[in-house]
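Student: Sharing a structure with you now.
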Amino acid sequence: MKVGIVGSGFVGSATAYALVLQGVAREVVLVDLDRKLAQAHAEDILHATPFAHPVWVRSGWYEDLEGARVVIVAAGVAQRPGETRLQLLDRNAQVFADVVPKILKAAPEAVLLIATNPVDVMTQVAYRLSGLPPERVVGSGTILDTARFRALLAQHLLVAPQSVHAYVVGEHGDSEVLVWSSAQVGGVDLEAFAQARGRALTPDDRLRIDEGVRRAAYRIIEGKGATYYGIGAGLARLTRAILTDEKGVFTVSLFTPEVEGVEEVALSLPRILGARGVEATLYPRLNEEERQALRRSAEILKGAASALGF
């Protein structure tokens, strides 16, 4: 099973490393405009395989993506001093206009897994450029935000995070929506579980957890310049779900016909992920406040994509 990664920077290389550690693929091909960078990362990661799983890691060019079942797109440009978000979006859209056709020429049957930020808008750009069915252009979305939410809830409740079922939906960014109202632990509603555990969730606790999820990327970027290990592991997890036709539920971003009255927008909702990409979208139970917040998030994303002409 071959996986391609276009863009060998922090996120692309961390994803390749996670694929090796998790033993997800049998072959990983790194493609980057900076061929020396791709080659260096491929060689370095290959040397980890004796300690992990037998994965053939190599660098290549677009034609080497032939036969890939998943292509992870982590290509993009860094924000310049004084550059607006919309200007950055426009430059990244230009990058996608170059790379997406090249990917599909080599691997027309692949599922595209979008990692470039802002990921929701870039997922919509990739979908429009590709001409693929929307279910085959999947953004990493709020998988990391959802993981952070579950981890912080688990920490407060003194329970394993794997037993926490809670979602973050909408934008992967400032307008994301933490769905408190339908969160559960072990099949028990969150509030009831917290009371039974003697770990009540006060308004201050909720605010602390919300800030912990919503501001995590800012704290990490302030400390070391970028986030990559968490999203690299998350992208490897999504790749495994696709390659194994797992049909697991993940909060990934997808071009969606309508969300809370906002038409044609890419954002995150819980979705079933399998061999051909997204198989179904699940709408979690939301209270009125969460519904309004999701609508605002959708409007923000719709506006950004529309400003780019996508």
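FYI, residue positions are counted from 1 along the chain as it appears here.
Every residue, even glycine, has its Cβ placed from backbone N, Cα and C.
Relevant sequence annotations retrieved from Swiss-Prot are reproduced here:
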ACT_SITE  H172  active site, proton acceptor
BINDING   V11, D32, Y62, G76, V77, A115, T116, N117, S140  NAD(+) binding site
BINDING   Q79, R85, N117, P118, V119, D120, D145, T146, A147, R148, T227  substrate binding site
BINDING   R150, H165  beta-D-fructose 1,6-bisphosphate binding site
MOD_RES   Y218  phosphotyrosine
Student: I need the least crowded one of these recorded positions (R150, H165, H172), counting other C-beta atoms within 10 angstroms of each C-beta.
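Tutor: Checked R150, H165, H172; of these recorded positions, fewest Cβ neighbours within 10 Å: H165.
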Student: Given the recorded positions H165, H172, T227, state which is nearest to S140 (NAD(+) binding site) when distance is taken between Cα atoms.
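Tutor: Checked the recorded positions H165, H172, T227; minimum Cα distance to S140 (NAD(+) binding site) goes to H172.
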Student: Enumerate same-chain residues with a sequence separation of six or more from Y62 (NAD(+) binding site) and a Cβ-Cβ distance below 8 A; give 'none' if the list is empty.
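Tutor: Counting only residues 6 or more apart in sequence, the Cβ neighbours of Y62 (NAD(+) binding site) under 8 Å are V6, V31, V99, K102, I103, K105, A106.
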Student: Check the binding-site residues N117, S140, T227 for other C-beta atoms within 10 angstroms of each C-beta and report the one with the most.
Tutor: S140
Student: C-alpha of T116 (NAD(+) binding site) to C-alpha of D145 (substrate binding site): distance in Å?
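Tutor: With the alpha carbons as reference points, the distance is 16 Å.
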Student: If you skip the near sequence neighbours and keep only those at least six away, which residues in the chain come within under 8 angstroms of V11 (NAD(+) binding site), Cβ to Cβ?
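Tutor: Looking at Cβ-Cβ distances below 8 Å from V11 (NAD(+) binding site), excluding near sequence neighbours, one finds A74, A115, A226, Y228, I231, G232, L235.
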Student: Are there residues of the same chain, six or more positions away from A147 (substrate binding site), whose CB falls under 8 angstroms from its CB, and which are they?
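Tutor: Correct list: P161, G230, G234.
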Student: Hey, of R150, H165, Y218, which of those recorded positions are within 10 Å of T227 (substrate binding site), Cα to Cα?
Tutor: Y218
